[in-house]
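Undergrad: Next up is a structure, given as structure tokens.
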Amino acid sequence: MRTSVIPNRLTPTLTTHPSRRRNDHITTRTSSLKCHLSPSSGDNNDSFNSSLLKTISTTVAVSSAAASAFFLTGSLHSPFPNFSGLNAAAGGGAGGGGGGSSSSGGGGGGWFNGDEGSFWSRILSPARAIADEPKSEDWDSHELPADITVLLGRLSGFKKYKISDILFFDRNKKSKVETQDSFLDMVSLKPGGVYTKAQLQKELESLATCGMFEKVDMEGKTNADGSLGLTISFAESMWERADRFRCINVGLMGQSKPVEMDPDMSEKEKIEFFRRQEREYKRRISSARPCLLPTSVHEEIKDMLAEQGRVSARLLQKIRDRVQSWYHEEGYACAQVVNFGNLNTREVVCEVVEGDITKLSIQYLDKLGNVVEGNTEGPVVQRELPKQLLPGHTFNIEAGKQALRNINSLALFSNIEVNPRPDEMNEGSIIVEIKLKELEQKSAEVSTEWSIVPGRGGRPTLASLQPGGTITFEHRNLQGLNRSLTGSVTTSNFLNPQDDLAFKMEYAHPYLDGVDNPRNRTLRVSCFNSRKLSPVFTGGPGVDEVPSIWVDRAGVKANITENFSRQSKFTYGLVMEEIITRDESNHICSNGQRVLPNGAISADGPPTTLSGTGIDRMAFLQANITRDNTRFVNGTIVGSRNMFQVDQGLGVGSNFPFFNRHQLTVTKFLQLMSVEEGAGKSPPPVLVLHGHYGGCVGDLPSYDAFTLGGPYSVRGYNMGEIGAARNILELAAEIRIPIKGTHVYAFAEHGTDLGSSKDVKGNPTVVYRRMGQGSSYGAGMKLGLVRAEYAVDHNSGTGAVFFRFGERF
């Protein structure tokens, strides 16, 4: 299965028509909203499958009262981070602008761009080049003496000039601009580029009208090789000192239409025009919603204003970067600063489009990617979405990740995409698209395994090869409501399956209270048959092999699982089963067997069933509650996992069994040091602390006794080698140290029967000479799915190497 949040870059650019300037005041026409989807290659294997990468490019329309705004346009590349089978990505936008200032407009002052030449578009898109830049690398020599200054107007209109370098000179500071200054990125001319006089003049005009500068000039200096060095000298625009800062969300506000000023207006009419613009802007921002920016960032920006003095272009750029960095760090990947207003009024108003969600769209795709009618009911998917992803909320990348995890947990889809895109009907807002590819409803699977049984003389023959395995079938998503019917059949010998045939058939019915009910309960009904080797009848150290006892269980089970949260669930139900104990010859046996000193086998061992006949039937209630707060840090699990289970006999069945069997398991995964999280980063060392208690009050058949020893109990011992008891306690500690690609670990464990072995019928612990308690220690290494470890048990004082599948905890 592949699930992904499509990595999007929401790349907004403001496109305006040529502006007109009168008395340092600029008017622009509104821009249009366009969204373009284009794929970009990307591949991420952070312990999960590769994800499909896409890019969203969008033009965000923003406009305000023309005389009192500072427009920001541009692009910010901030992709969603990927993770483990559930890749989440998003992009953010940035702002830019241009404009001018007005001394007669009161609250006026702003930057606007003309002819797509805004300063912020340039500074945020450094790879941009002049549209009609010639592709040819041929260029002409200036044919002038070296080291002389040439004004732009003195260049020939018929030549193509090579620009060797570009220098920015700040007239206010009377110094060259440092290489790290963002002003160097705003010009579209590039060192080594070839340009005509018309292109250079167009660049100068674009810089002069962007509102960034009070004055800007361009001149060249001749080089001996025929190329030109370009110097751009400028005086930065400045506004009045400000001591107040306000941030507003304009994402869902209707964009105002700017009114062009008549160039033939009298001075009195111009003043009145500016005042109307100011009143309109104040009315507009008074109805705006406050942005999500916290008070701490507000205070930080106020300190920036106090330290700076007069408001400058560089200061507004720093404010924009600080505001947007907070949004993107908090996961609001579609948020962007689009406007600064109220300049020259001692208050800077920052307008932000935060990415308000106006619509949720769920689409089902076929194998070719075409939109089709899905089998899954819409509410099944919708109930898995966090509320932060619903209309009326602000899009957040973490909500997108959570949606992926939740939808993936349904196990109904082969591919999942969460894709935020601009809403063309509501400027500045977001539509969340969820695209799903459904799995086939019916599936069947066969897994095989071969075993070799020694023949005569101990040598295997071709006839001794036994083909075994499991056949599984599933019909999922019945009626589109995620109901399923699954079945499996397992045997170690398909040629003679009656010896150990095991099966399970289960029907799952989620949303027991209705798909629209927030209560999350699932009903499961199953019938089963299984056979397992009983660890109760196992010899202790130095005891010859004890004849095996097999326990067959067949019955039905019905339970309800209620998920309180993603971390906590409660399961309760009824179990009715028949238990039959058999010896190695597959005969029903009522007692365990033991080897006598003369080598003979005696059948007078501990009783195997409660009834004494080898066959028990019983019914009991079962309930367990689990709380799992674990998570992965660079592939290593940390957190805690706790489980409590109770089985309550009802007095129904053989000998009217009435009992209470209970278990408590507590496991802590303690992170020993902080590490940087991300793909390819090293995992932290972890200390694992584990405790398990089991106890029983009332009737206790031997097959339900608690056993000690084995790969999932006390390591270093065989299954049940320490003892079988009515009450047990296990304690374990393990420290995991990461190494390249895996981890090594050391452990120590102890298990005790708390003196309760004698309370089990027939006392199998004493009969088979087991100690009733034991400790072990050792070390190991994780090799893929295999644990390779060396363990020493204290009861015998010997050690051995073990290879185990799966995890101990």
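Each residue, glycine too, has its Cβ placed from N, Cα and C.
The shown structure was predicted, so the numbers you read here are calculated from the model rather than taken from an experiment.
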Undergrad: Glu730, Leu439 - same side of the membrane according to Swiss-Prot, yes or no?
TA: no
Undergrad: May I ask you to indicate which of 63-71, 144-152, 333-341, 729-737 is given in Swiss-Prot as transmembrane segment?
TA: 144-152
Undergrad: Residue list, the topological domain 'Cytoplasmic' (474-500) vs rest of chain: Cβ under 8 Å, 6 or more residues beyond ends.
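TA: Same-chain contacts beyond the flanks: 374-377, 380, 410-412, 438-439, 441-444, 449, 451, 466-468, 506-511, 515, 531, 586.
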Undergrad: Where, among 358-365, 443-452, 465-473, 798-805, do we find the most CB pairs under 8 A to the transmembrane segment (428-436)?
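TA: Against the transmembrane segment (428-436), the leading stretch is 358-365.
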Undergrad: Grab the same-chain neighbours of the transmembrane segment (465-473) for me: Cβ-Cβ under 8 Å, and only residues 6 or more beyond its ends, written as numbers and ranges.
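TA: For the transmembrane segment (465-473), the far contacts come to 442-453, 486-495.
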Undergrad: Sort out the residues at least 6 away from either end of the topological domain 'Cytoplasmic' (153-160), same chain, that have Cβ-Cβ distances under 8 Å to it, and list them.
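TA: For the topological domain 'Cytoplasmic' (153-160), the nonlocal Cβ contacts are 134, 136, 138-140, 142, 194-198, 200, 220.
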